[in-house]
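Asks: Would you mind keeping the following structure in view while I ask a few things?
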Amino acid sequence: MAPPDEQPGQAPSRAKGPPAGRVTDGTPTTARARELVSVLAASSGAGPRTDSERIAGAPGHDAHDAHATGLAAFAASDTGEDAAHILRDVVGRAPLPSLSGLCFEIMGLAWFLGVTLGLTILSMLFDDLSLVSQAVGPLFTIPNLAEDVEVLAIAIPIVLIALRIAAGLGTIASDGVGQGSGANAWRAWKLGKRDTVAALGIAVQICGMMTTATLVLLTPLVFFASVVGKDTLGLFGVVLSGLALAFMLVYGAALGALQELSMASLVRHHRGVGSAILHGWRLMRARPRSSQRMAAAEFASRILVVGVAIGMGRAAGWAWGVAMLVLFGALVGGLRCHAWSMAYPRIGGLARVAD
């Protein structure tokens with residue numbers, strides 16, 4: 001006997017699919033959608049919503065969930081639109097100059113300190129500061145630790161304070177909080193307590209990597225200058241020092257990007273130093289073009305800040321130069337923090353934690 005919905009003499013109808021509102025594994029479509037939105041929100045740095053937030057509606061979180069969906073979709077693209085989109089968002093939400101932004105800018109100088117430390121070690125090994133200066137060119141500044149002990153005694157505590165505030169500012173940015181009044185230095189100081197030691201470890205490792213690279217690149221050059229004589233190098237020495245400078249700047253820019261990605265991973269997952277750096281390295285390898293653009297922007301921001309400060313110092317005196325350095329550093333530091341907090345989920349973020 002034919003089924004009720006089939007007429008005699010007609011071919012049997014096709015098997016009916018699953019009921020509307022369900023997928024083949026029995027999970028309701030709405031539940032699947034909610035699960036997808038929660039995963040996308042997590043990949044952008046937003047934590048799960050609490051029960052009280054769900055009951056209250058939390059319209060701000062709903063908007064953030066929708067924005068997280070756009071971020072995750074945009075992360076699949078690896079074109080020049082990435083940098084342009086990030087730049088538009090960053091400029092549109094540009095923070096005011098702040099102490100927390102200045103601390104974030106100080107934290108990013110680990111690779112530069114590595115260059116300085118490497119040059120200092122070279123001058124101690126060859127026991128001739130002028131030899132190292134002539135071999136590597138006038139663009140490198142070699143400090144004299146015997147004369148700068150007081151500066152170091154003041155700088156080390158400042159760097160430790162800056163690391164804690166920078167870690168807290170990264171936490172604020174990763175939570176999707178605006179860079180305005182919510183990103184004050186006191187709040188960043190309190191939030192950065194948990195990750196201060198790990199942030200210091202990341203900075204020390206980046207500094208050590210840059211120190212090693214400086215020694216590897218410049219030791220043969222300085223040794224060659226000591227053998228043939230520093231006065232006989234001439235144009236050949238200028239070319240060699242220029243190549244060494246180019247390699248060091250490119251490597252320093254890459255290490256700067258690695259440090260920022262490692263910090264973004266640290267403040268979101270509170271992982272160890274090695275795990276955070278390894279995660280940042282995997283992100284850079286997975287999205288090389290995006291990482292190269294962000295590293296170039298990172299390096300350009302340093303050149304902008306230092307260039308404006310040097311220009312103002314030469315035009316109006318060193319006091320104005322220092323003032324412009326602090327002002328631009330406070331502004332650019334906040335911009336960089338916001339830019340990296342946006343770039344982190346777009347180039348992979350949480351999607352590559354388990355890789």
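Backbone N, Cα and C define each Cβ position, glycine as well.
Pasting the feature list from TrEMBL:
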REGION    1-29  region 'Disordered'
REGION    41-62  region 'Disordered'
TRANSMEM  102-126  transmembrane segment
TRANSMEM  151-177  transmembrane segment
TRANSMEM  197-223  transmembrane segment
TRANSMEM  235-258  transmembrane segment
TRANSMEM  318-337  transmembrane segment
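Describe the structural context of each listed feature in the structure shown, including burial, neighbouring residues and relevant distances.
Replies: Proximity of distant same-chain residues to the transmembrane segment (197-223), defined by a Cβ-Cβ separation under 8 Å and at least 6 residues beyond the stretch ends, is recorded for 107, 110-115, 117-119, 121-122, 125-126, 131-132, 135-136, 159-160, 163-164, 166-167, 237, 240-241, 244, 247-248, 251-252, 255, 258-259, 262-263, 266, 270-273, 276-277.
Proximity of distant same-chain residues to the transmembrane segment (235-258), defined by a Cβ-Cβ separation under 8 Å and at least 6 residues beyond the stretch ends, is recorded for 108, 110-112, 114-115, 134-137, 139-140, 206, 209-210, 213-214, 217-218, 221, 224-225, 277, 280-281, 284, 291, 294-296, 298-299, 302.
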